[in-house]
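Over in TrEMBL, the protein carries these features:
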- Tyr15, Tyr20, Gly59, Ser60, Tyr65, Asp81, Asn86, Asp138, Val139: S-adenosyl-L-methionine binding site (BINDING)
Amino acid sequence: GAPRGGYERFDPRAYLSNNYRPPSADFSSERCVVPWKLRCLAEAFASGEIHGRTLIDVGSGPTIYQLLSACDHFEEIVATDYLAVNREELERWARGEPGTFDWSPFIQHVCRIEGRGEPWQEKERRLRGRLRRILPIDVHQADPLGAPLCPPADALLSAFCLEAVSPDRATFTRALAHVGSLLRPGGHALLLGALGETFYLAGPARLPVVPLDEADVRTALADAGFALRSFRSYSMPPALRTGVDDVDGVFFVHAQK
């Protein structure tokens, strides 16, 4: 379908700069939003319950931080995005090209909180090796990849995608059901998303977001056929309200199909 709501002007580098550099990405304090997100993911995978052959990341954007804990538990990671510019950014990173975004502080932080004493370069190498497919996706289609994923994924991850491409809660719920079709029955879904956000900026693009509260997320999950396992939320401190969005907080969900 045609780009929605300004996505044709989406600038991956501006998006990365707005969200993944200080103050958002300050690793000196666990109270900052990026360490909180990384800890949620690290703890979910540390349970040992979420593993398998394939994990699909829905709406990866130009980022890989969300895959750092996941990559130890799956043989293959499938990244996806609607925008070619984001897929190209990921492909350049996966090939280790110079001039791509420097994720090393994120990788170092995840290695630190996982506490296995692994050199961060090892994790970076593993993720690059397991990121074998980077595919186009449209979460508004019943078959988001254009065809079913064969075999279906053992786990699904999605960070800050569905609420940012859905004009209303009904569309958000439908998108959740569509991406759920990529997951095997009993498969795990980990979602990170925005609470109470109506827009975010990415260079010249100003992108609308459906504002959700915790009850909206719980209802959408149930309606889309997921059983909620855990729900955590983070409230955005004033210091991180920098004007690049109007987000109130972040949710983290572990659910099962």
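Heads up, the Cβ atoms here are built off N, Cα and C, so glycines get one too.
Because TrEMBL annotations are produced automatically, they should be read as predictions rather than curated entries.
Within its own chain, Gly59 (S-adenosyl-L-methionine binding site) has Thr80, Asp81, Tyr82, Ile137, Val139, Ser158, Ala159, Phe160, Cys161, Leu162, Ala164, Val165 as residues 6 or more apart in sequence whose C-beta sits under 8 angstroms from its own.
Note on Tyr15 (S-adenosyl-L-methionine binding site): other Cβ atoms within 10 Å of its Cβ, all shown chains, come to 23. Within 10 Å of the C-beta of Val139 (S-adenosyl-L-methionine binding site) we count 24 further C-beta atoms, all protein chains included. Long-range neighbours of Tyr65 (S-adenosyl-L-methionine binding site) (same chain, six or more residues apart, CB within less than 8 Å of its CB): Tyr20, Val34, Lys37, Leu38, Trp103, Phe106, Val110. Of the residues the record lists as binding S-adenosyl-L-methionine, namely Tyr15, Tyr20, Gly59, Ser60, Tyr65, Asp81, Asn86, Asp138, Val139, the two whose Cα atoms sit farthest apart are 24 Å from each other. Sequence-distant neighbours of Asn86 (S-adenosyl-L-methionine binding site) (same chain, six or more apart, CB under 8 Å from its CB) are Phe10, Pro12, Ser60, Gly61, Pro62, listed in sequence order.
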